[in-house]
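Notes for the one structure printed next.
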Amino acid sequence: MSKEVSEEGRHGKDYVDPPPAPLLDMAELKLWSFYRAIIAEFIATLLFLYVTVATVIGHKNQTGPCGGVGLLGIAWAFGGMIFVLVYCTAGISGGHINPAVTFGLFLARKVSLPRAVAYMVAQCLGAICGVGLVKAFMMTPYKRLGGGANTVADGYSTGTALGAEIIGTFVLVYTVFSATDPKRSARDSHVPVLAPLPIGFAVFMVHLATIPITGTGINPARSFGAAVIYNNEKAWDDHWIFWVGPFVGALAAAAYHQYILRAAAIKALASFRSNPTN
């Protein structure tokens, strides 16, 4: 690995790693772009929850054996909306739409602490509003069919559900890091759709695997918004899983990408050795 670092230094790079975000960047609180990004995260999460939870309720409301979109259609709704919304908001807020993604990027020093906290609050509020619209438009089936809330399915243990959420979120956040890696972005800059596409597809694939277990959280805002509006005891009993699992998965993905794939620790050591006066 150290050989790779030394060779990279000799031959130069065709990309530039952005500097790490400061932990407390209070200056950005004075910028309109900061608040514009928060609004973008709020609206994007609202739209995400409205479309996806409405799809879930609409499917469950069908009575025929061939009615509704099925598990595959639900997975496409979640993955497709992430693809669309990341494409629309990436240039404004980064297109997080998920506190676990924001947490992972914060750990990797991609965003500051104030921005991370503001994003998470906006995402949770947007999720509540999005599910609130679903309840307002589909009141009767919403109450009868579970409100799109995440719960542990019958036959699965809490540990299994937690593990599924950790692995599912790891897949998502790892894909986010890989799709937005500076090296990849520089070499694929002529195809701007490449970052949102694998992220949306990762969400789609994880839903296929995890819907039978937990309904698929991998997004604490999605789970929180549905739990708040549905306000059912079972949803709240299981709710901690949909925060702990995604945050642990995001932590693991950030560590794997930054310290194993990108060898951040080795590069920092090499930089220190080449500049001993720093």
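Just so you know, glycine gets a Cβ as well, placed from its N, Cα and C.
These features come from Swiss-Prot:
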type: TOPO_DOM; residues: 1-36; note: topological domain 'Cytoplasmic'
type: MOD_RES; residues: MET1; note: N-acetylmethionine
type: MOD_RES; residues: LYS3; note: N6,N6-dimethyllysine
type: TRANSMEM; residues: 37-57; note: transmembrane segment
type: TOPO_DOM; residues: 58-74; note: topological domain 'Extracellular'
type: TRANSMEM; residues: 75-95; note: transmembrane segment
type: TOPO_DOM; residues: 96-116; note: topological domain 'Cytoplasmic'
type: TRANSMEM; residues: 117-137; note: transmembrane segment
type: TOPO_DOM; residues: 138-158; note: topological domain 'Extracellular'
type: TRANSMEM; residues: 159-179; note: transmembrane segment
type: TOPO_DOM; residues: 180-192; note: topological domain 'Cytoplasmic'
type: TRANSMEM; residues: 193-213; note: transmembrane segment
type: TOPO_DOM; residues: 214-240; note: topological domain 'Extracellular'
type: TRANSMEM; residues: 241-261; note: transmembrane segment
type: TOPO_DOM; residues: 262-278; note: topological domain 'Cytoplasmic'
type: MOD_RES; residues: SER271; note: phosphoserine
type: MOD_RES; residues: SER274; note: phosphoserine
Per DSSP, what is the helix/strand/coil residue tally across the topological domain 'Extracellular' (214-240)?
17 helix, 0 strand, 10 coil
How about long-range neighbours of the topological domain 'Extracellular' (214-240): same chain, 6 or more residues beyond its ends, C-beta under 8 Å?
45, 48-49, 52-53, 78, 97-100, 120, 123-124, 126-132, 134-135, 142, 146-153, 156, 158, 161, 164-165, 168-169, 172, 203, 206-207, 246-247, 249
Hey, does the transmembrane segment (75-95) touch the transmembrane segment (193-213), meaning at least 3 C-beta pairs closer than 8 angstroms, sequence gap 6 or more?
yes
Residues from the same chain, set at least six apart from the ends of the transmembrane segment (37-57), whose C-beta lies under 8 A from its own:
69, 73-74, 77-78, 81-82, 85, 88-89, 92-97, 115, 118-119, 122-127, 129-131, 133-134, 137-138, 141-142, 145, 147-148, 221-222, 225-226
Using Cβ atoms and a strict cutoff of less than 8 Å, what residues sit near the transmembrane segment (159-179) while being 6 or more residues removed from its termini?
98, 100-101, 104-105, 108, 152-153, 194-196, 198-199, 202-203, 205-206, 209-210, 213-214, 216-218, 238, 241-242, 244-250, 252-254, 256-258
Distant-in-sequence neighbours of the transmembrane segment (117-137), which means Cβ under 8 A and at least six residues beyond its ends:
34, 37-39, 41-50, 53-54, 57, 93, 96-99, 102-103, 111, 143, 147-148, 220-222, 224-226, 228-230
Counting only residues 6+ away from its ends, which parts of the chain sit with a Cβ under 8 Å from the topological domain 'Extracellular' (138-158)?
52-54, 56-58, 60-61, 131, 212-217, 222-223, 226-227, 229-230, 232, 234-235, 238-239, 241-242
Counts of helix, strand and coil residues, the topological domain 'Extracellular' (138-158), according to DSSP:
7 helix, 0 strand, 14 coil
